[in-house]
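Chemist: Let me begin by handing over the structure; questions about it come next.
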Amino acid sequence: MSSRHRLDLDGSGRGDRRRSPNRRSRSRSRSPHRRSSPDRKRQIGAVGNMKIQINPYNNQPFSNRYWAIWEKRSQLPVWEYKEKFMELLRNNQCITLVGETGSGKTTQIPQWAVEFMKQQQQGQPPGQARLVACTQPRRVAAMSVATRVAEEMDVVLGQEVGYSIRFEDCISERTVLKYCTDGMLLREAMNSPLLDKYKVLILDEAHERTLATDILMGLIKEIVRNRADIKVVIMSATLDAGKFQRYFEDCPLLSVPGRTFPVEIFFTPNAEKDYLEAAIRTVIQIHMVEEVEGDILLFLTGQEEIEEACKRIDREIQALGADAGALSCIPLYSTLPPAAQQRIFEPAPPNRPNGAISRKCVISTNIAETSLTIDGVVFVIDPGFSKQKVYNPRIRVESLLVCPISKASAMQRAGRAGRTKPGKCFRLYTETAYGSEMQDQTYPEILRSNLGSVVLQLKKLGTEDLVHFDFMDPPAPETLMRALELLNYLQAINDDGELTELGSLMAEFPLDPQLAKMLITSTELNCSNEILSITAMLSVPQCWVRPNEMRTEADEAKARFAHIDGDHLTLLNVYHSFKQNQEDPQWCYDNFINYRTMKTADTVRTQLSRVMDKYNLRRVSTDFKSRDYYLNIRKALVAGFFMQVAHLERSGHYVTVKDNQLVNLHPSTVLDHKPEWALYNEFVLTTKNFIRTVTDVRPEWLLQIAPQYYDLDNFPDGDTKRKLTTVMQTLQRNAGRGY
């Protein structure tokens, strides 16, 4: 598929263009222009082999657009494997399918599963199982693919085809095919352990090994033992599918090749000091120097980097003047609204009258590795990094870190360049780094994450023996013990490891356990309206916009919202102001606030409100004029995050309670003083240890709200214990005096 070269980014033109003898060609001799017969064309919309022109899903005539899309579908590599797939599905309960990205598996296999389900239902009395579910590891993919498949089936999105993601459902009574995040299907299983309404379960992108996918696979193995009528399809884009095949009792494996063209791979001769700078430089070079028409796909690690790159590339292109071709920069990350996500499928701008080539440049997180296929991409830029969760159970710190990708991810990224014509992949790292420093496969998320949410969900599902749960890769016992300890301190499970009534209620919220506990407790403290808003703001990316060229103005704008007690209450001020200004985008722009983030937070708040209403949790507020208004909110924060507190030592440094980690307040905090006790939302590992999103709290609240955790008899010696002991003695004296 590729040949390897060295990439010259200093403009000297001295790049090494040696072909690697170890790289073998993966180009295929498949014809890209197979035509279909008229008979097959008429059959495709039918259930079974009847040649009909009526859509069987809505009883409407097929549109002209349907047939135009059908022509493209019939060219997909997976198309010729339909009969083989249907045969395997009829004769087996589980199937493993390997299909390279772009083979069409994500859009076609679920449609064929619906067709299979309809065939099975003919002549049968109506049953519960009338749905096909296809899981995706990312919400962007679930929404985007559902939109595409609704077009292919000539139905309305949200009717026969829909999607379900955290905080948003787009389905109806008519839905027969549902794309959903793996986390949403797992949440459904909590209330329906056998997933009775589903006839076919499809786990797509299983190779990504997300937490939810790994738990789902264990649950599905149990469901298969109890439901002979259910069918399961495990789909992967990598050749590591043998592991999935063995896990599911050596089920049949169907391999579908992609249609790939040769891809030249370029490495940098030396390591890049600033991969973002190198990536932007490479985009401009490709656009100006490459004579082949084709779009660019750049992989970056997150929203902030992507937005920054888009701005800088736009500025550079404008500076080149009208003689340069147009370059349309399109961001892609998980929190983009659906309409913005669909821009990646738009064509590139037209070429200039002077012949200069115009292109689009999609700048994406690793969602574009396998979850979405973007036609027209000829040039891929791979800096070699992605954001990954990393958890240290000994100090109970989970951080989202920028980490090197695996070789498997690098190969997937390179493959995006060879979808429609021969392409090029520019790797912004050395060939030596690729060969000796990158892991072969991405480490499964279950081996590097805090398992608090997972254990809570498993307990809700009735799993008693966590140690012997059928994990594909069992997590370390220490990580499981830390999760059980967390849930016990939060009173979600009792000392025998059994789920409490509070824990059962916490599991109903699509939130981390600490946030769920905080939200539930806030009803008793008469501040659930405010905690709803804070929880929503903590569940979305940072709302602050801080452009390099306007940092002073952005910081001044942020200071206008600052609350003296810290960042959580500052976020509450921002949300209140956003609503008071009628959710005005111009107000957001003027105040350096991300409008998309605020709209997402508002949606999250609405969904959480519905969960509260469903379980009769009061939505209340303390009188704003009362001195207890902010005190109650801060106490509610402590109810959820009492384990995430740092104490200011005599040395002037902060030390985390119990774990004794030296930390600093993050520079982004609005606090203009150093509180003695600081509750934090996030532990950030960079060149230093930082705590981010911080609020000033009182030590007596820690002792009163979480006495089990702050049992001073079991506390490590040190300045923190001495201070808390003094506070405890004061509380006891006051109690004795009847205060």
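Placement of Cβ uses the backbone N, Cα and C atoms for every residue, glycine included.
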Chemist: Taking 108-111, 204-207, 240-243, 272-275 as the choices, which stretch does Swiss-Prot tie to motif 'DEAH box'?
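Modeler: Residues 204-207 are the ones Swiss-Prot records as motif 'DEAH box'.
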Chemist: Quick one: mean pLDDT on the domain 'Helicase ATP-binding' (86-257)?
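Modeler: Summing pLDDT over the domain 'Helicase ATP-binding' (86-257) and dividing by its length gives 91.
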Chemist: List, in sequence order, the same-chain residues at least six positions removed whose CB sits under 8 Å from that of G104 (ATP binding site)?
Modeler: R73, L76, P77, V78, W79
Chemist: Same chain, outside the motif 'DEAH box' (204-207) by at least 6, Cβ under 8 Å from its Cβ: which residues?
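Modeler: For the motif 'DEAH box' (204-207), the nonlocal Cβ contacts are 105-106, 134-137, 141, 213, 217, 234-238, 240-241, 244, 370-371, 408.
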Chemist: In the motif 'DEAH box' (204-207), how many residues does DSSP put in helix, strand and coil?
Modeler: 2 helix, 0 strand, 2 coil
Chemist: Three-state secondary structure of G104 (ATP binding site) from DSSP?
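Modeler: Note: G104 (ATP binding site) is coil by DSSP, not helix or strand.
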Chemist: Can you list the residues of the same chain, besides G99, E100, T101, G102, S103, G104, K105, T106, whose Cβ falls within 8 Å of the ATP site's Cβ centroid?
Modeler: L76, P77, V78, A237, V256, G258, T373
Chemist: Hey, which of the binding-site residues T101, S103, T106 is the loneliest by Cβ count within 10 Å?
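Modeler: T101, out of the binding-site residues T101, S103, T106, has the fewest neighbouring Cβ atoms within 10 Å.
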Chemist: What's the number of neighbouring CB atoms sitting within 10 A of the CB on G99 (ATP binding site)?
Modeler: 25
